[in-house]
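Peer 1: Quick one: the structure is below, questions incoming.
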């Protein structure tokens, strides 16, 4: 190492070949010296790392990977939250296996030494349920071809599940849907989110569900954690419903970090041709968090909303898609209106045209104790003809063209549902009576 400057170019090329540096003849003398020194440093670091790994106790580890801007990452011990038991993942491992944020990694870690802040990962055995070599060649989410939702997600479970049955008819959901649940305060959005989660969980054991709660009350988070996984196999952690949250007492940056981690995790499932549903409550509060964190552009919309603050939440919402060769990401997000905040109304206006399905909840209906408080006139799905049968389309047309007001139409539809055991019977009843 000390005498590299004194060596001839031919001698340097021989050393470079021994160090497995490719195309040695194209480099000048000073370039060769620099490359050789870098290789020596890499080898010294590898040998030091190997010595450290041989000395330390080893243990099995697993967790969701988060890669930081500096190139290294961590396996989060508490799924998506930072903690003292996180496992450090060196850049070398990330590059070697083309790991991405959101990957669920299993491997072997070494016990941390006195100088280590975190235990390092020394071996990767599993990436998202498959061998690391198989994960290496996967397609990137951004390279997948998006198409209209054409495979239906039915929410109908029992005769008494009125909410699910109404959505199936008025605003059907397909795999890959990008839907908004537009709600005034106290109109029943949380109850509807829980109903949708339970219905999907019961009807589809092949759909992975994430419930993402942003800026919510802690007791509501606890309630949802206890509510989910009624119909999931307790031994299959991979497909169990996950509830991720950042409560109102957490800083806005935490809201954003949790949301972005959940989105990346969902993308990894879709790359593996799995179907994923994210239930977000609410996109309004997520946009508020971005508005606080995003550097000001100098322009401000009505209500104090910066246009740049909408880039992050729109990227989140826009990730929902049905994929041509298999897999889908469905995002159903609540949007708050009539809260007394002009900013909330502006956020809804910005998102109104981006979704391809909307369910509107009306507080006037809930005040009259009409549940579910769904406004039939305003609720709909784009290209519903790809999801509904001819008889269903005919029945919906008859419901929508009736001259009844908002309350009368939903009350009559609920009455029809109480008289029929299934939606199939309901469609026959509507087509024969209206």
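Just so you know, glycine gets a Cβ as well, placed from its N, Cα and C.
Feature list, courtesy of TrEMBL:
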type	residues	note
COILED	1-53	coiled coil
DOMAIN	58-131	domain 'Rho RNA-BD'
BINDING	174, 175, 176, 177, 178, 179, 186, 187, 188, 189, 190, 191, 217	ATP binding site
Peer 1: So if I draw a 10 Å sphere around the Cβ of residue 178 (ATP binding site), how many other Cβ atoms end up inside it?
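Peer 2: So the number of other Cβ atoms within 10 Å of residue 178 (ATP binding site) is 22.
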Peer 1: For the domain 'Rho RNA-BD' (58-131), DSSP counts of helix, strand and coil?
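Peer 2: Helix/strand/coil tally for the domain 'Rho RNA-BD' (58-131): 7 helix, 36 strand, 31 coil.
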Peer 1: If you count other Cβ atoms within 10 Å of each one's Cβ, which of the binding-site residues 174, 176, 190 has the most?
Peer 2: 176
Peer 1: Taking the Cβ of residue 188 (ATP binding site) as the reference point, list residues of the same chain whose Cβ is under 8 angstroms away and which are at least six residues distant in sequence.
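Peer 2: For residue 188 (ATP binding site), the qualifying residues are 361, 366, 371, 372, 373.
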Peer 1: Which value in Å gives the longest Cα to Cα span across the ATP site residues 174, 175, 176, 177, 178, 179, 186, 187, 188, 189, 190, 191, 217 as recorded?
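Peer 2: Largest pairwise Cα separation, rounded: 30 Å.
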Peer 1: Other than its own, how many Cβ atoms are within 10 Å of the Cβ belonging to residue 217 (ATP binding site)?
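Peer 2: Other Cβ atoms found within 10 Å: 14.
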